[in-house]
Amino acid sequence: DKRFITLLFTIHDLICSTGKYDYDLVVIGGGSGGLACSKEAAQVGQKVAVLDYVEPSLKGTKWGLGGTCVNVGCIPKKLMHQAALLGSAVKDAKKYGWQISGPVCHDWATMAEAVQNHVRSLNWGHRVQLQDKKVKYLNLKGSLVDEHTVKGLTKAGKETILTAKNIVIATGGRPKYPTNIPGAMEHGITSDDIFWLKKSPGKSLVVGASYVALECAGFLTGIGLDTTVMVRSIALRGFDQQMSGLVTDYMETYGTKFAWKCVPKRVDKLSSGALQVTWTDTHTGNEHKDTYDSVLWAVGRAPETKALGLDKLGVQLNKETGKIVVGADESTSVPNIYAFGDISEGRPELTPTAIKAGKLLARRLAGHSTELMNYDNVATTVFTPLEYGCVGLSEEEAEKRHGKDSIEVYHAFYKPLEFTVAERDASQCYLKVVCERGGDQKILGLHFTGPNAGEMTQGFALGFQCGATYSHLLQTVGIHPTCAEEVVKVNITKRSGLDATVTGC
């Protein structure tokens with residue numbers, strides 16, 4: 001019987017393909033993406049191993065399984081942001097009739113311990129999940145030997161060799177130090193350290209103006225610490241610059257100091273233990289000095305590619321960024337080797353994109369799907385004291401792609417109801433919807449500053465997947481009283497020059 005013979009050959013091929021290697025899939029990197037990819041692969045019947053190893057930061061900080069997001073990124077950041085928001089809420093509470101006697105002060109050690117305990121519970125949860133899903137977890141530093149072989153090293157230098165049909169690299173990135181500034185590495189910390197400090201960082205200088213810099217400076221200010229942000233050029237590069245200005249304006253009124261157009265020259269530790277920072281104001285050319293208890297470098301992140309052995313295999317890297325060049329299917333220049341997440345060139349450095357891309361890759365490698373990751377219109381939120389959520393194109397990018405005369409920008413300055421009784425300034429609470437000018441006025445970008453921006457933006461992001469237009473917005477009935485309803489009510493264009501301040505309830 002021909003069908004029986006075909007079946008025998010199929011079974012033989014399956015046995016041979018798996019039997020040839022230790023695993024169907026080996027994933028290097030146990031962060032959000034690597035864990036999602038390995039668990040999904042196991043779910044669809046693959047034999048999987050994941051290697052994760054945390055190289056301690058320069059200050060000696062180390063952490064468990066789960067990658068940047070869980071340990072030194074989104075999770076501790078959002079919790080410390082929440083701590084700062086609660087400080088503002090206590091001030092508002094008095095206006096709402098709460099009798100709060102005596103000064104309210106913040107204790108770093110209590111917050112840090114609670115945050116760190118939550119992170120440790122997540123580390124444990126990840127290990128349990130891998131066990132439950134039959135994924136082999138190895139606390140080894142992985143590197144490539146060839147397109148089917150991975151070498152794993154223990155902390156003590158003991159070597160393990162693993163073979164796999166496919167290898168996936170999901171090692172992410174780590175914060176950069178400015179190596180050209182004397183004292184920067186010896187005396188500074190990064191986002192790898194801030195969340196694991198046992199003692200308060202005290203008076204802090206944050207160098208950089210990325211979202212990491214502004215978020216850290218925001219919560220440090222919010223818990224009552226004297227905080228300065230040193231900005232070389234612009235804040236939130238890559239984001240809409242009008243929105244960026246609103247975010248930093250609010251931070252300045254909130255109490256964060258900004259040293260604009262300034263570049264640090266050196267950091268010296270004084271006999272008192274304080275850190276003396278010398279910097280140049282590039283606008284005037286003048287040199288300045290001040291002392292701080294902590295200097296936090298937030299000047300970008302570097303991909304973790306150097307120790308992977310990519311060069312000897314010929315895996316193509318982008319020479320400028322050091323990231324791995326990948327195709328739409330996350331394939332590298334070497335067959336059977338894939339890369340995704342922050343390590344790959346041109347991808348958003350965001351946990352949810354890495355998770356989704358990892359799951360889709362696992363399904364494709366197992367032959368269960370051909371679906372590719374869609375990296376367009378990924379929403380994100382910057383958790384600064386006044387949160388900023390966005391999805392789609394910035395106004396600058398929309399202008400560049402479509403031309404100034406071919407886009408329409410609807411905008412509004414609004415006042416959150418909760419700000420009214422609290423007598424809080426809402427000058428920076430703003431939203432804009434960037435649309436095509438012609439036809440149905442397809443929405444190209446949506447931007448919002450205000451309370452709970454992440455919750456608000458996530459809902460509208462769905463509309464982008466469905467081709468939302470300005471007329472869809474107008475057809476939507478708002479929920480009253482909310483900040484989000486201001487988006488569906490927006491009707492004044494920038495082109496009109498009319499006052500965009502929302503009046504009435």
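Including glycine, each Cβ sits where the backbone N, Cα and C put it.
Curation plays no part in TrEMBL annotations; they are all automatic predictions.
The active site, proton acceptor annotation in TrEMBL covers His480. Per TrEMBL, NAD(+) binding site is recorded for Gly208, Ala209, Ser210, Tyr211, Val212, Ala213, Leu214, Glu215, Gly300. If you look up TrEMBL, you'll see Cys69-Cys74 marked as disulfide bond. What TrEMBL records for 23-358 is domain 'FAD/NAD(P)-binding'. Positions annotated as domain 'Pyridine nucleotide-disulphide oxidoreductase dimerisation' by TrEMBL: 378-489.
Neighbours of the NAD(+) site: apart from Gly208, Ala209, Ser210, Tyr211, Val212, Ala213, Leu214, Glu215, Gly300, residues of the same chain with C-beta atoms within 8 angstroms of the site's C-beta centroid are Val206, Cys216, Ala235, Leu236, Ala298. Once the Cα atoms of Gly208, Ala209, Ser210, Tyr211, Val212, Ala213, Leu214, Glu215, Gly300, the listed binders of NAD(+), are compared pairwise, the greatest separation found is 14 Å. Looking at Val212 (NAD(+) binding site) and Cys69 (disulfide bond), their Cα atoms lie 12 Å from each other. With the fewest other Cβ atoms inside 10 Å of its Cβ, the least crowded of the recorded positions Cys69, Cys74, Val212, Leu214 in this structure is Cys74. Every protein chain considered, the tally of other Cβ atoms within 10 Å of the Cβ of Gly300 (NAD(+) binding site) stands at 14. Assigned with DSSP, the residues of the domain 'Pyridine nucleotide-disulphide oxidoreductase dimerisation' (378-489) fall into helix, strand and coil as follows: 40 helix, 31 strand, 41 coil. Sequence-distant neighbours of Gly208 (NAD(+) binding site) (same chain, 6+ apart, CB under 8 A from its CB) are Val229, Met230, Val231, Arg232, Trp297, Ala298, Val299, Gly300.
Separation of the C-alpha atoms of Cys74 (disulfide bond) and Leu214 (NAD(+) binding site): 13 Å, rounded to the nearest whole number.
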